[in-house]
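Here TrEMBL flags C:31-178, C:215-357 as domain 'Sodium/calcium exchanger membrane region'. Sequence annotations record features per position, and here TrEMBL assigns transmembrane segment to C:30-48, C:60-82, C:88-111, C:131-149, C:155-179, C:207-228, C:248-271, C:283-305, C:311-333, C:340-360.
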Amino acid sequence: MKTLLLLAATLLLVALSVLCHMTVPSAGLNFMAACLAIIPLAGWMGRATEEIAVKVGPRLGGLLSATFGNAVEIIIGCFALSQGLTTLVKASITGSILGNLLFVLGLSFLVGGLKHPVQRFNIRVAHSQTAMLMLGIPIMFLLPVIFSVSRYHSLLVMTGAVCSVSFLVYILGLVFSLYTHRQLLGDLEEERNEDIEDPGRIKNSNLLFVNLPVSLLILLIVTVLVGVESDFLVHSVEHLASHAGWSQMFLGVIVVAIIGNAAEHASAVWMAWKNRMDLSLEIAVGSSLQVAMFVAPVLYFFSIIVGHPMFFQFSVPELVSLTAAILLVAILMVDGESNWLEGAMAVGAYAVMAIGFYILH
Amino acid sequence: MKTLLLLAATLLLVALSVLCHMTVPSAGLNFMAACLAIIPLAGWMGRATEEIAVKVGPRLGGLLSATFGNAVEIIIGCFALSQGLTTLVKASITGSILGNLLFVLGLSFLVGGLKHPVQRFNIRVAHSQTAMLMLGIPIMFLLPVIFSVSRYHSLLVMTGAVCSVSFLVYILGLVFSLYTHRQLLGDLEEERNEDIEDPGRIKNSNLLFVNLPVSLLILLIVTVLVGVESDFLVHSVEHLASHAGWSQMFLGVIVVAIIGNAAEHASAVWMAWKNRMDLSLEIAVGSSLQVAMFVAPVLYFFSIIVGHPMFFQFSVPELVSLTAAILLVAILMVDGESNWLEGAMAVGAYAVMAIGFYILH
Amino acid sequence: MKTLLLLAATLLLVALSVLCHMTVPSAGLNFMAACLAIIPLAGWMGRATEEIAVKVGPRLGGLLSATFGNAVEIIIGCFALSQGLTTLVKASITGSILGNLLFVLGLSFLVGGLKHPVQRFNIRVAHSQTAMLMLGIPIMFLLPVIFSVSRYHSLLVMTGAVCSVSFLVYILGLVFSLYTHRQLLGDLEEERNEDIEDPGRIKNSNLLFVNLPVSLLILLIVTVLVGVESDFLVHSVEHLASHAGWSQMFLGVIVVAIIGNAAEHASAVWMAWKNRMDLSLEIAVGSSLQVAMFVAPVLYFFSIIVGHPMFFQFSVPELVSLTAAILLVAILMVDGESNWLEGAMAVGAYAVMAIGFYILH
C-alpha cells in the first residue's frame with residue numbers, strides 16, 4: 001500500500017516536471033520540479049539496485065552496489081559535461097564530498113546523539129575509510145593543481161594520473177572488502193544479520209519486485225527517467241546561473257550535490273537514530289569515497305570522450321574546505337565513538353562553508 | 001601570611017605602574033610596569049572567580065569559570081580595539097593559542113616528564129578537545145580569508161558567520177560538559193575530589209574571602225584595576241611599536257599573549273610536575289579553546305560596536321603556525337600519554353615560531 | 001662464499017664506473033655506472049657500521065648507527081654542495097623523505113600484506129615516530145618559507161633556527177631512546193633477541209670482519225670509494241640536467257634519493273615479508289626522520305662552510321607532497337596495524353608524485 005502511494009507520488013512528480021519543462025518559461029520552477037522528481041527516482045534506483053544485489057549473491061551484489069550506487073550523480077554529471085558545464089560538475093563533486101562528510105555525517109551524529117549519549121562504531125572500518133579519505137581527497141585533488149601550475153599539458157597528464165590511480169585503488173579496495181578481508185570487516189555484518197528487525201537490509205521475504213528480470217526492467221526504466229530529468233536539470237541550471245545570479249559554484253556545491261543523494265542521506269540519519277552507526281557511516285563516508293575515487297574518475301574519462309575535458313583544477317576554497325573537512329572527520333572518527341557535540345561541530349563547519357560558497361563569485 | 005605578602009606585592013606593582021605612567025616618558029618602562037602589574041592581578045581575578053564558582057555550586061560555577069576565565073584577555077582586547085589596534089588584538093589571539101598549545105602544554109609535558117617517565121591523561125577528554133581544536137581553529141580562522149578574497153563585504157559576512165558558529169558551538173560545548181555528558185567526562189573529577197591533598201581545587205575550608213558579596217567586591221575592584229593597567233599597556237604598546245621598531249605582530253603574538261595568562265601558565269606546569277595531567281591539559285588546551293571560540297567572537301562583536309571592525313583576516317604565517325601547532329598537538333594527545341621528548345618537540349616548535357614572528361615585519 | 005661473490009661484484013661495478021668516467025663521454029652512462037657502484041658500496045658501509053655497533057656495545061652502537069646510517073647521503077650531498085648544486089641537494093632531501101615514507105613503507109605494507117592478512121607493530125614506537133614526523137617535517141620545512149618571504153637575511157636566520165632546533169630535538173630523541181626510555185621502547189627488542197633466527201640482527205657468531213680495527217679499516221676504504229663515486233655522480237648529474245633536459249628537481253627527488261638507500265630499502269621490504277614490521281618501520285620511518293632532522297641540518301651547516309648556503313626554501317610542490325605524505329602515513333600508522341591495501345595507497349600516492357615531479361620544470 002505504502003509502496004503504491006510512493007510510486008504514484010513519483011510518477012506525479014515526473015509528470016509535473018515534464019509539464020513544467022514544456023510550458024513554464026521560469027528556469028527556477030523548472031529547476032525545482034526536476035529536483036523534486038529526481039529525489040524519489042534516486043530512491044527507486046537504489047531500491048532496484050539493492051534488490052538485484054540480493055538476488056545475485058553477496059559478492060557480485062557488493063560490486064553492483066559499489067558501482068551503481070552513485071548512478072544518479074554520474075548521469076547528471078554526464079549530461080552537464082556534454083553541455084560543457086565543467087565548473088558545475090567539479091563543484092558538485094566537491095559538494096557531494098563535503099555534504100556527505102560534514103552535513104550527513106554530522107546530522108547522523110547529532111540526531112543519533114540526542115537519543116544515545118555515546119554511540120560506537122567498528123573502529124577498524126572507520127580507520128580504513130579515514131585512510132582512504134586521506135589518500136583519495138587531499139592527495140588526488142591537490143596534486144594536479146600543485147604540480148601543473150595551470151599548464152594545459154601538465155593538467156592533462158596529472159589529472160589522468162590521479163584518476164587512474166584513484167580508480168585502481170578503488171578497485172583494489174573492493175577486492176579488499178569483498179574478497180581478501182571479507183571476514184575481518186564482516187564481523188559486524190553477521191551481527192546485523194542475526195538481528196531480525198534490521199531495517200537496513202532487504203530480506204528475501206520483503207522484496208518488492210518478483211524476480212531478477214523485473215528488477216532489471218525497473219532499473220532500466222528508472223535510469224531512462226533519471227536521464228530525462230537530468231537533462232531538464234542541466235538546462236535549467238544554465239539559465240539559473242546566467243539570469244538569477246547564483247554562481248555555478250554554489251549551485252554545484254550546495255544544491256546539485258544534495259539532490260542525487262537525498263534518499264540516501266535520509267536513511268543515514270535514520271540509521272543513526274536507530275543506533276546503527278556502522279550502516280550510517282557506510283552510507284555517509286562510503287558515498288564520499290565513491291564520489292572521490294569512482295565517480296570523479298568516471299566523469300573525467302567521460303569528459304575526455306565528449307571533448308570538454310574536465311581538469312582537476314579545483315579552486316582554493318574548494319581545496320581548503322575539503323582538506324579541513326577530512327581532518328575534522330578523521331579526528332571525529334579516530335576513537336570509534338560519537339556524540340551530539342561532534343555532530344554539531346561538523347554541521348557548524350558545513351554551515352560556514354555553505355555561506356562561503358554562496359558569497360563567492 | 002603568604003596571602004598578605006602577595007597582596008602587598010600586587011598593590012606595590014600597581015602603584016609603581018601608575019607612578020611610571022604619570023612620570024616616566026619611556027614607553028618601554030611603562031610597558032614593562034603595566035605587564036608586571038597585570039600578572040598578579042590576573043592571579044587574583046582567577047582566585048576570586050574560582051571562589052565565587054565554589055560558592056554558587058558546580059553548574060553555575062562551571063559556566064562562570066568558562067566565561068570569566070579569560071576576562072583579562074577580553075579587557076586588554078577591548079581597550080586595544082577602542083584604539084583601533086586590530087592587528088595587535090588579532091596577533092594576541094594567535095599568540096595566546098600558540099602559547100597555550102605549544103609553550104604551556106610543551107613545558108608541562110617536559111617538566112612533568114622529567115619526574116615521571118610516562119604520564120597518562122583521560123583519553124576521552126583529550127579526544128573531545130582535539131576535535132574542538134580542529135574545528136575551532138583551522139576551520140574558523142582559515143575560511144574567512146579563503147572565501148572572501150579580501151573583499152570588505154565578504155569578510156564582514158564570513159567573520160560574522162564563523163564567530164556566530166564558534167560562539168554557538170562553544171555554548172553547546174558547555175551544555176555538553178556541564179549538563180548532558182557531565183557523568184562521562186566527570187569520572188576523573190570524582191577521583192580528584194577523593195584525593196584530599198588536591199592542590200588544584202579550592203575547598204570550603206581554605207577560602208580566602210569570607211562570603212559571596214566579599215568575593216564579588218574583590219572581583220569588581222580587581223577588574224577595575226586590570227582595566228586601568230590595560231589602558232596603560234595599550235598606550236605604551238602604541239609607542240613601542242612606532243618607536244622601538246618592534247612590530248605589533250611580535251608584541252601581540254609573543255608578549256601580550258603571555259601576560260594575561262602568566263598565572264595560569266605557571267599552574268599548568270605545576271600540575272604536570274604533580275602528575276595531574278588532566279588539570280594541566282584542562283588549563284593549556286582549555287584556554288586555547290576559550291580564546292578561539294569565546295574570546296575571539298566576543299572581541300569581534302565588540303569591535304563592530306566600537307566601529308573598528310576586526311576582520312578574521314589572519315596572515316599566512318599565523319595561519320600556517322596555527323594549523324601546524326594543532327596537527328602536532330593532535331598527534332601528541334591522541335594516545336593519552338606524554339613524555340619529556342614530546343614536550344621538548346612542542347617547545348622547540350614554539351621557539352622557531354617566536355623567532356619567525358620576531359624577524360617578520 | 002656468497003660474501004666473496006658480493007665483494008667481487010662490488011669491486012667490478014666500481015672498476016666499471018671508474019672506466020666509464022675516464023673514457024665514455026656520455027653523461028647518462030656515467031650517471032648509471034656511478035649509481036650502480038654506489039648501491040652495493042652503501043650496503044657494505046651499512047654492514048661495517050652495524051658490525052662496529054655490535055662490537056662497541058648497545059649505547060655507543062645505537063649512537064653510531066644513528067649517526068653514520070646516512071653517511072652515503074651526507075657524502076653525496078657534500079660533493080653536490082661544493083659544486084653549488086643546492087637545488088639538487090634540497091630535492092634529494094625531499095625525495096629521500098617521500099621515498100622512505102611512501103614508497104618503502106608502502107611497498108613493505110603491500111608485500112608483507114600479501115603474505116599476512118593483518119600485520120601489527122609496536123604502537124608506542126609508531127606514535128613517537130609520527131609525532132617526530134609531524135614536528136620535523138611540516139614545521140621545520142614550512143616555517144622558513146612562510147616567515148621569511150624570500151628575503152636573504154630572514155631565510156638565513158630561519159634556516160639556522162630550524163636546523164638548530166631539529167638537530168637538538170634529534171639528539172634529545174637519541175637520549176630518549178638510548179637512555180631514559182630504553183626499557184619502554186625496548187620490549188620488542190627483547191622479543192626479537194629471544195628469536196634465534198632473527199634475520200635483522202647481526203650475532204657475534206656471524207660477523208664478517210674479525211675485529212674492530214678490520215671493521216674500521218673496511219669502513220674507511222668504503223667511505224673513500226663512496227666519495228669517489230659521489231664525485232662522478234655529481235659531475236654527470238650536472239651534464240644530465242643541462243643536456244638531457246631532466247630537471248635537477250626530478251633527478252634529486254626521484255633518482256638520487258633512491259640510490260643512497262637502495263640496500264636499506266630492500267631490507268625493509270624483506271623484513272615486512274618476514275612479518276617483522278617493527279624492524280621494517282624502524283628502517284623506513286626512522287630513515288625519513290634521520291634525513292629530516294640530522295642529514296638536512298648537517299648539510300645546511302656544511303653549505304654555510306663551503307660558501308654555497310642552502311636555504312630551506314622548498315618549492316610548493318615539495319611542501320604539499322611532504323605534508324600530504326606525512327598526514328597519510330600518520331593515519332596509516334595510528335592503529336598499529338597494516339594490510340596490503342594501505343600499502344597500495346601509499347605506493348599509489350608516490351606514483352602520482354613521481355609523475356608530478358617528472359613533468360615539473
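Here the Cβ of each residue, glycine as well, is placed from N, Cα and C on the backbone.
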Contact call for the transmembrane segment (C:207-228) against the transmembrane segment (C:30-48), three or more Cβ pairs under 8 Å: yes
Stretch among C:30-48, C:60-82, C:131-149, C:248-271, C:311-333 sharing the most Cβ pairs under 8 Å with the transmembrane segment (C:155-179): C:131-149
Listed stretch, out of C:30-48, C:88-111, C:283-305, C:311-333, that has the most CB pairs under 8 angstroms to the transmembrane segment (C:340-360): C:88-111
Winner by Cβ pairs under 8 Å against the transmembrane segment (C:283-305), considering only C:60-82, C:88-111, C:248-271: C:88-111
Contact between the transmembrane segment (C:311-333) and the transmembrane segment (C:60-82) (at least 3 Cβ pairs under 8 Å, separation 6+): no
Helix, strand and coil counts within the domain 'Sodium/calcium exchanger membrane region' (C:215-357) (DSSP): 118 helix, 2 strand, 23 coil
Of C:30-48, C:88-111, C:131-149, whichever stretch has the most CB pairs under 8 A to the transmembrane segment (C:248-271): C:88-111
Secondary structure content, the domain 'Sodium/calcium exchanger membrane region' (C:31-178) (per DSSP, counts of residues): 132 helix, 2 strand, 14 coil
